[in-house]
Amino acid sequence: MLSQDSNDDTEDVSLFDAEEETTNRPRKSKIRHPVASFFHLFFRVSAVVVYLLCELLSSSFIACMVTIILLLSCDFWAVKNVTGRLMVGLRWWNHIDEDGKSHWVFESRKSTPQDNKTISEAESRIFWLGLIACPILWVIFAFSALFSFKVKWLAVVIMGVVLQGANLYGYIRCKVGNKKNLTSMATSYLGKQFLRQNAGDDQAS
């Protein structure tokens, strides 16, 4: 089951029982979750397409803005709660403790030999490509709207940057851990190098 950590550490957890059951199933194809893979890209790509073609699709700015925001919201929910868990075994969420304090929790599935049966390399590439490429596009759109003085579109593109950037940041934290984990890894590595160097000097003397 899920375990909660108030120190914002990346956790090794068993995400869902239903996901564990899939480890016993034979691997039939490279893409094990085609529906999740489709919707991982559908909402975010659709939002980009509607933004680029909004003047051709409709003369109403309000209709285009509402459509884009709805697509971005659906994408945020789907990627945060569904596709990340199914496609790469990662999930991030917010937990409020009994004292009313808010804590961010970043989770990853435990590394076991059976992970190769549940996580497809093709799905992983699709997940990270969509997760990284689309926020970059929204950042480009933001600068474009700013320099072309399309002020009315700034709210829309900023919404795209914030929602998709939040998912990107959350999953990067899930993947590599927090700053404390990175610091401890660097300290451990430097310590090992220092010991090796001292051992080599002792042997040479």
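Positions of Cβ are set from backbone N, Cα and C atoms, glycine also.
Residues annotated as compositional bias 'Acidic residues' in TrEMBL: 1-21. As annotated by TrEMBL, region 'Disordered' applies to 1-27. Among the features that TrEMBL reports, transmembrane segment is placed at 35-53, 59-79, 126-147, 153-172.
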Exercise. Near the transmembrane segment (35-53), which residues from the same chain, at least 6 beyond its ends, have a CB less than 8 A from one of its CBs?
Worked result: 64, 67-68, 71-72, 74-75, 78-79, 82-83, 86-87, 123, 126-127, 130, 134, 137-138, 141, 153, 156-157, 160, 164
Problem set entry | Contact set, same chain, for the transmembrane segment (59-79): CB under 8 Å, 6 or more residues outside the stretch | 39-40, 43-44, 46-47, 50-51, 131, 152, 155-156, 159-160, 163-164, 166-167
